[in-house]
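Data block below; observations after.
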Amino acid sequence: MASTQEKATHKNNSPSPSSSSSAQVLQNWSLAAPSEDPIPKAASMAALIRPAETIADPPATKTTTSKGISIMPRAQTSHPLDPLSAAEISVAVATVRAAGATPEVRDSMRFIEVVLVEPDKHVVALADAYFFPPFQPSLLPRTKGGPVIPSKLPPRKARLVVYNKRSNETSIWIVELSEVHAATRGGHHRGKVISSKVVPNVQPPMDAMEYAECEAVVKDFPPFREAMKKRGIEDMDLVMVDPWCAGYHSSADAPSRRLAKPLIFCRTESDCPMENGYARPVEGIHVLVDMQNMVVIEFEDRKLVPLPPADPLRNYTAGETRGGVDRSDVKPLQIIQTEGPSFRINGNFIAWQKWNFRIGFTPREGLVIYSVAYIDGSRGRRPVAHRLSFVEMVVPYGDPNDPHYRKNAFDAGEDGLGKNAHSLKK
């Protein structure tokens, strides 16, 4: 879908090294260093923590010493802002499914979204200051007697949006990932449900399985097949059915019902996988599908509109032009960095010149940029933004004719920008 509006969130409320609230939270955790591991004083931090400009390998998992001072073990290998791993997602899903009251409830669960519960800023500051390179001691909260460094970070958590097909209910679950091993079968997995709640009068986004099921149901509907024959289409493999959210235009579209109003397109006789089927919309057909029960509940062949003629140039692929070669005057472009790139990557941490930040990914927003900072001379690390992402991309089509008046695509909330992202690699 083409975008006409893009929005980004920008929150510039980064933690202060002298934040008293951060120190209080650390005290509430009761996570002071063990008695056998002395708490490093501020003057000794330089011996323990590397400067911000340094990108090193992940810290060791066992206790080591530096100049006679004990360094506490790094109990966590995933940074608090790293996206959930495959193993963590498996644990979160298995934990929620196991919490279902009956086998019927468990089997009816559809997991629409599983994302990281992003931690509070003081947790991120603590991780960046001590647990993960490049170590930045200036981020530690200051307390009497020097910084209080816990022996481990709080457990990571996952947030799950679950649609129950049987009850037509949407629920949100928070799961603590207390222990996660990489093996998906036979490994030791443990999660704990922190909270769960049913959110009334909402419908979560449709998933890929529902898209496929809806297309199959519409194509098998006899009145639909008859309408296609009127338009000269008998091969259902050429037909594309795009389930669109019904929107809310009247009480009939109330979110208590999981509805879709599909739009229909048709490819040409070509079997080319790159063919742009959206160049040939099938107009005049109204379809309403009950997505919970997967049945067509309304169908009308309102107007017979001829299909656009088959035209290979509608694909808009490279080299397809009318009467000539496309942009033959473009000279070759080569970009060579003999000494490698100017940026450095360590896991999800990126440093470029005096800038550094972390990247993440969600199925709704796509790319998320965290903890943007600038190394500003004697001022040290200057926070610029805590979190940057697309919150939504709305595409109003603006055609007052039926059925186009209701085409208002919310590309993030309804379809998921992240789920539709593609790699930039060839």
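Yeah, the Cβs are placed from backbone N, Cα and C, and that goes for glycine too.
Bear in mind that TrEMBL entries carry predicted annotations, made automatically and left uncurated.
Going by TrEMBL, these are the annotated features:
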REGION    1-37  region 'Disordered'
DOMAIN    79-168  domain 'Copper amine oxidase N2-terminal'
DOMAIN    204-307  domain 'Copper amine oxidase N3-terminal'
DOMAIN    333-425  domain 'Copper amine oxidase catalytic'
REGION    406-426  region 'Disordered'
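Residues of the same chain lying 6 or more positions beyond the ends of the region 'Disordered' (406-426) and with a Cβ under 8 Å from any Cβ of it are 1, 3, 113, 205-206, 208, 244-247, 249, 261, 263, 361-367, 390-397, 399. Note on the domain 'Copper amine oxidase N3-terminal' (204-307): its mean pLDDT in the predicted model is 90. Here the domain 'Copper amine oxidase N3-terminal' (204-307) has, by DSSP, the following mix of helix, strand and coil residues: 30 helix, 26 strand, 48 coil.
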